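Residues or ranges marked as ATP binding site by Swiss-Prot on the basis of sequence analysis: HIS11, ASP169, GLY170, LYS171, LYS245, PHE246, ASP254, ARG260, LYS261, ALA277, LYS281. If you look up Swiss-Prot, you'll see ASP13 marked as Mg(2+) binding site, on the strength of sequence analysis. What Swiss-Prot lists as K(+) binding site is GLU39, and the listing cites sequence analysis. For GLU52, GLN95, ASP254, LYS285, the entry in Swiss-Prot reads L-methionine binding site. Residues or ranges marked as region 'Flexible loop' by Swiss-Prot on the basis of sequence analysis: 95-105.
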Amino acid sequence: MFSSESVTEGHPDKICDQISDAIVDALLTADPLSRVAAEVVVNTGLVLLTGEITSQAQVNFTRLVRDKVAEIGYTDAKNGFCAESCAVLVAFDEQSPDIAQGVNMALESRGSQEDQFDLVGAGDQGLMFGFACDETPELMPLPISLAHRLSRQLATVRKNGTLPYLRPDGKTQVTVAYEEGRPVGIHTLLISTQHTPTIGAITEEAAVQERIRADLWEAVVTPVFAELPIKPDSHTRFLTNPTGKFVIGGPQGDAGLTGRKIIVDTYGGYSRHGGGAFSGKDPTKVDRSAAYAARYVAKNIVAAGLAQKCEVQVSYAIGVARPINILVETFGTGRIPDEELLRLVQRHFDLRPAAILAQFQLRELPRQRGGRFYQNVAVYGHFGQTHLDLPWERTDKAALLREEALAKATALLA
């Protein structure tokens with residue numbers, strides 16, 4: 001069995017991620033060359049913005065924060081946190097010139113400028129992972145895919161008034177049963193959701209929780225699994241608010257910080273993680289852009305039918321454009337050796353930071369999408385959200401990889 005969790009947009013850490021990425025969107029929309037490292041802290045009645053920004057853009061950060069908090073759903077002081085009454089403190093510095101010099105002029109370009117993609121160095125050292133598997137149509141692990149679906153539906157029924165007693169904070173967790181490496185059933189579903197103290201005339205705590213349990217099954221679980229081949233059955237455990245009432249939540253219940261939900265943001269623990277968060281960072285930061293590129297590589301390999309599972313590691317040195325290493329691992333599911341897959345990757349994927357920026361248009365996308373891009377992936381996962389038309393989710397190189405692998409295999413058999 002394997003478990004993964006997700007959180008709703010009203011979770012304290014996710015509030016921070018969304019504000020951080022709303023800042024990235026606003027700055028890149030006005031100035032695509034902005035350098036951003038925006039960190040956010042939330043607590044009862046407080047939002048603190050800090051980090052480093054170098055940009056020509058002029059942004060009203062206080063208004064941005066209030067608008068995002070209101071969009072999430074914190075518009076009533078009864079929720080313990082309110083968009084219009086919370087204090088907003090802004091404490092940004094400029095990016096260090098020592099860091100900027102390595103990004104502006106990579107090691108490879110000093111003395112030579114033959115290739116424009118050698119001009120931009122990695123913004124930091126680090127290692128990033130990308131992953132894909134054939135458990136879902138979007139080529140994501142099933143546990144995290146289901147957890148995100150439940151969290152998204154939980155927010156939907158709150159916002160559209162289906163369950164008006166729900167409040168913004170919430171978490172989900174799904175445990176999937178596997179046999180011989182393939183998902184076969186749902187072992188446990190867990191939903192914890194913030195709610196009002198009473199539901200209409202229902203005031204007794206046990207009765208409130210009983211109503212919540214019934215409503216969540218009908219309005220959240222049932223729609224999520226309606227068209228999926230694997231469904232909960234009579235053996236599935238269904239847990240809701242296991243500690244009892246969940247009235248105090250959001251920043252009133254727990255402080256939140258940007259970058260504390262990196263497993264929720266990626267593959268739910270199913271794949272390794274390099275440790276770097278995504279939100280609040282402009283795409284010159286390889287923590288973000290290279291993780292997107294590694295997902296793109298892994299997804300195209302799986303989409304090509306060359307493996308059932310694929311994990312790609314890439315690492316960088318600060319100020320150096322070319323990756324230090326690339327690793328391809330298919331966990332014994334590859335149709336061709338991992339070493340040959342690595343050669344395909346090296347031939348067909350340019351993982352230098354500037355090449356990633358150019359191919360995915362990571363600096364231009366916020367402006368192209370009307371000022372909203374990164375904040376949309378700051379909740380419910382940076383991967384697998386195919387409805388958002390994310391460039392790293394495309395499988396436009398799958399056919400090429402498949403054809404070249406087939407040609408290689410045919411040549412070996414000739």
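Backbone N, Cα and C define each Cβ position, glycine as well.
Worth saying up front: this structure is predicted, and the values here are computed from it rather than measured.
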Should GLY170 (ATP binding site) be counted as helix, strand, or coil on the basis of DSSP?
-> strand
Near GLU39 (K(+) binding site), meaning Cα within 10 Å, which of HIS11, ASP13, GLU52, GLY170, LYS261, LYS281 (binding-site residues)?
-> GLU52, LYS281
GLN95 (L-methionine binding site) to LYS261 (ATP binding site) - Cα separation in whole Å = 24
Fewest-neighbour residue among binding-site residues, criterion Cβ within 10 Å, set HIS11, LYS245, LYS261, LYS285 = LYS245
Among GLU52, GLN95, ASP254, LYS285, the record's L-methionine binders - longest CA distance, Å | 30
Rounded to a whole number of Å, the separation of the Cα atoms of GLY170 (ATP binding site) and ASP13 (Mg(2+) binding site) comes to 11
Neighbour tally for GLY170 (ATP binding site), based on other Cβ positions within 10 Å of its Cβ = 29
By a simple count, how many Cβ atoms lie within 10 Å of the Cβ of GLN95 (L-methionine binding site), its own Cβ left out?
-> 20
If we check Cα distances from LYS285 (L-methionine binding site), which of the binding-site residues HIS11, ASP13, LYS245, ASP254 wins as closest?
-> ASP13
When DSSP states are folded down to helix, strand and coil, where does the residue listed as 'K(+) binding site' land?
-> strand
Between LYS281 (ATP binding site) and GLU52 (L-methionine binding site): CA-CA distance (Å) = 10
Other C-beta atoms that fall within 10 angstroms of the C-beta of GLU39 (K(+) binding site) = 22
